[in-house]
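K.L.:
Sharing a structure below in structure tokens format, with a few things to ask.
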């Protein structure tokens, strides 16, 4: 994950933690779905993936990412790109994500 | 880097009616079981048993599989469903055909009603197969899952065609051999060609996904596909033309194919990241365990063992029971609560994600009801099987009663889900997301 402006990047990630994958039950950041966050003064570029290709949540998660970041950063242009490479694997779940899974 | 597409999900009116009809059929099936204790004491070619089998196979299992597949196919093949209108037409014809067929068999009126039912069902299967083939053709690349799904749809069509021919043969006999000869063909193509291939094709994608497991390679699945189809094709040709004593060999091919799929599932389970398995997946593993019963019994019924006729008749009945009320029903009872909550959730909450604190799909149904449903189902199935094998009507009725309780709990949970309404939700303040 690239970080050009650490404070903003962290804020973006914290905001994206409000988006929960409905099947797994943990947020998309700790699920390891956010591949890249880049920030400039005017733009936020996000690259994210899904747990499986063809996931019916694709539209929901990309739209939610767009909307939630627009609310948090109204003066930025938000660019969200859904990518499939590298392919997501369960090993990408963060330590926090694993802890949340154990608590379920 | 490849860029992905938007969601391919179909509208909820394509999917949900299948679940509702399936749930009502399951309840009707259990009530008919309570009225059919006397039918399990003899041969499987009995009007009540034909009714029960077709309500289970068409109204319950095929109906739910159709609905689930319209939702899951875009996930498995990464493409939109070819035509939603075709799916709705297929649903109407399947529902009509099932009701008419059940009526015809129960009252054994094998005239026009049966013909209309068989035609409705065949056209329904034809529309479904067209939808599957065309959807798979537009997929970005062909996968082993597509092999399983498309082939299973073709086998369903063949099953329906044989059924239609037999329905006509009741009134206008034209088939060269006796009815039971074709019934065996009809039943085994339906069981191995339609249910088994379809379940393996979809399961090979969904089981690792639900377990958060990582599976490499398709060697096991390719082997499974080839073995099951080889066993089935050899069986069909032998049964129609050669009449050898090699039936157990063909059965062993199918068993080996299932064995490779079970190995695939076992490998997936070893890599799963979820620390716990939920009730829906637990029931799925129960179903896979129950699959061992028909796999053992198929060897008995195909080997031509000289068992006493009464015992052999019971074995045949338990064989059928273990496929439709065992493996297939157990799987659907579990997978309903892995697929339906998500479908309902998506249509109710997808626009609210990230803005409001929404419930999760698993919050939309009662886990207590599901737990008791699974317990009563297992009890019901085991006692039903024992009742049939021992030819004890009282034991059978206890099993049917437990099965009915499971069906009632299932219907309550399904209707609770389908009728779910969005509650007042608390908007997020974007300050304290759970890490």
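Note: Cβ is positioned from N, Cα and C throughout, glycine not excepted.
The transmembrane segment annotation in TrEMBL covers B:12-35, B:55-77, B:86-108, B:114-136, B:148-172, B:192-213, B:225-242, B:248-266, B:286-307, B:313-333, B:369-390, B:396-419.
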K.L.:
Run the contact check on the transmembrane segment (B:396-419) against the transmembrane segment (B:12-35): 3 or more C-beta pairs under 8 Å, excluding pairs closer than 6 in sequence.
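P.N.:
Yes, the transmembrane segment (B:396-419) and the transmembrane segment (B:12-35) are in contact.
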K.L.:
May I ask which of the stretches B:55-77, B:114-136, B:369-390 has the most CB pairs under 8 A with the transmembrane segment (B:86-108)?
P.N.:
B:114-136
K.L.:
Under 8 Å, at least three CB pairs between the transmembrane segment (B:148-172) and the transmembrane segment (B:55-77) (pairs 6 or more apart)?
P.N.:
yes
K.L.:
Between the transmembrane segment (B:286-307) and the stretches B:114-136, B:225-242, B:313-333, work out which stretch tops the count of Cβ pairs under 8 Å.
P.N.:
B:313-333
K.L.:
Count, for each of B:114-136, B:192-213, B:225-242, the Cβ pairs lying under 8 Å from the transmembrane segment (B:248-266), and report the range with the highest count.
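P.N.:
By the under-8 Å Cβ criterion, the transmembrane segment (B:248-266) pairs most with B:225-242.
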K.L.:
Can you work out whether the transmembrane segment (B:55-77) touches the transmembrane segment (B:225-242), with the criterion being 3+ CB pairs under 8 Å where the paired residues are 6 or more apart along the chain?
P.N.:
no
